[in-house]
Amino acid sequence: MELFYYMVFGFLGAVVAAVELSKSNKDRINTPQAFNSFKNNYLLVYSLMMAGDWLQGPYVYYLYSQYGYGKGEIGQLFIAGFGSSMLFGTIVGSLADKQGRKRACVTYCITYILSCITKHSPQYKVLMLGRVLGGIATSLLFSAFESWLVAEHFKRGFDQQWLSLTFSKAIFLGNGLVAILAGLFGNLLVDSMNLGPVAPFDAAACFLAIGMAIILSSWTENYGDPSESKDLLTQFKGAAVAIASDEKIALLGAIQSLFEGSMYTFVFLWTPALSPNEEEIPHGFIFATFMLASMLGSSIASRLMTHSSPKVESYMQIVFVVSAASLLLPIVTTFFVAPSKVKGGSISFSGCIQLLGFCTFEACVGIFWPSIMKMRSQYIPEEARSTIMNFFRIPLNIFVCIVLYNVNAFPITVMFGMCSIFLFVASILQRRLLVIADKSKSEDRAAMKERDTEAEPLNVA
């Protein structure tokens, strides 16, 4: 492996360690033991859930190809997964508000375990069923757990600011450290122990089962709106009305869809971008480097969110601009760096520049997740939290399906340019959200001051 990869990985590791070790008491919030126990329990469960997800990711395409399916058939399987997340996942995720968030988290575990089991069959229909189940599970993963956490956090009377501690640590562990360890563990199972490409899916099922046992034994149930008079259609209408009537919620949904759509597109594009002439690149090591960059981002977010200034709505504008610029690098390098015509070999000079840009983008992803979680906890109403969060995923899944279907129709530079534009638009919408949020707070303060003035007794001479 080339020295360059080790240098990038080592540099990011050193920066992550420096950021974590340099945190002073001003960067930390003293919290009681009751909250720490609650937080650690959630982090353990969330890490197990993410381990079950990360173990599968690198081997899905590889497993399908080993079963003899071509690029077109594999693309259809992936589209089925995102389509399932959009259709069935939205319905199942919305049931969490009425039937209970703990129950929805258990449903995630069962659904994803069943999806893992289907990977043992080479039959296309069985694999398609697995993708449908996986799509449903993905919607639950990104809505039910966060909804349960926010509701339980406030039910136990904890300070709202402490939520940012749980969010940032969950991303640091679940989307960083656990992802790296899962990649290494999967590589150990498949390559070192020669257990075959199904082994990571079996390991994922085991982690999910352990997490489900902890949920069943230690979590309590909470609901959004358990009213029996509300059917599913009424819930959808209520969520749609909430989004349409509150510009802050609508902006938040648009920002999330734009950023996540660009992020999932990046997942498909980074490999051909770094090896346009079939250069030999260490995919697993690069993936681990990206996850380390994401850990750096979540560590930075943790420090930012422990302070009242700058506000999340403010610094996220900069994050979106930086992420937009980082995905422009593949376009810039085509103009200023002469493309190599040699097939194979090691990574090119332009590939090295792009890798640094991609690490910057992944750092932005690490900042994005805990920050968007904090904003959702502030703006999305509790009674329809899971329903609204799954509404946000509808345009995201439509967009990813369109990209997957047309992945060979456009040059890779056009795709990166499109993602960069989306991220720049997200920064503009984030600016609008900041303005509206500040205006709402000013109006609330003025209203409170007016009520206090009216409540003061008249001075009688």
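In case you wondered, yes, glycine gets a Cβ from its N, Cα and C as well.
TrEMBL annotations: computationally assigned, not manually curated.
When the ranges 74-96, 97-119 are checked against TrEMBL, the one recorded as transmembrane segment is 74-96. If you look at the transmembrane segment (74-96), the same-chain residues 6 or more away from its ends with a CB under 8 A from one of its CBs are 60-61, 64-65, 103-104, 107, 127-128, 131-140, 143-144, 147, 224, 232, 235-236, 239, 386-387, 389-391, 393-394, 397-398, 400-401, 404-405, 407. Residues 75, 78-79, 82-83, 85-86, 89-90, 93-94, 139, 142-143, 239-240, 243, 252-253, 256-257, 260-261, 264-265, 268, 415 of the same chain lie 6 or more positions beyond the ends of the transmembrane segment (390-406) yet place their CB under 8 Å from a CB of it.
Residues of the same chain lying 6 or more positions beyond the ends of the transmembrane segment (344-369) and with a Cβ under 8 Å from any Cβ of it are 2, 4, 8, 12, 167, 171-172, 175-176, 259, 263, 266, 270, 273-281, 286, 289-291, 293-301, 304, 316, 319-320, 322-323, 326-327, 329-330, 333-334, 337. Contact check: the transmembrane segment (43-62) against the transmembrane segment (318-338) gives fewer than three Cβ pairs closer than 8 Å, residues 6 or more apart, which falls short of the contact criterion.
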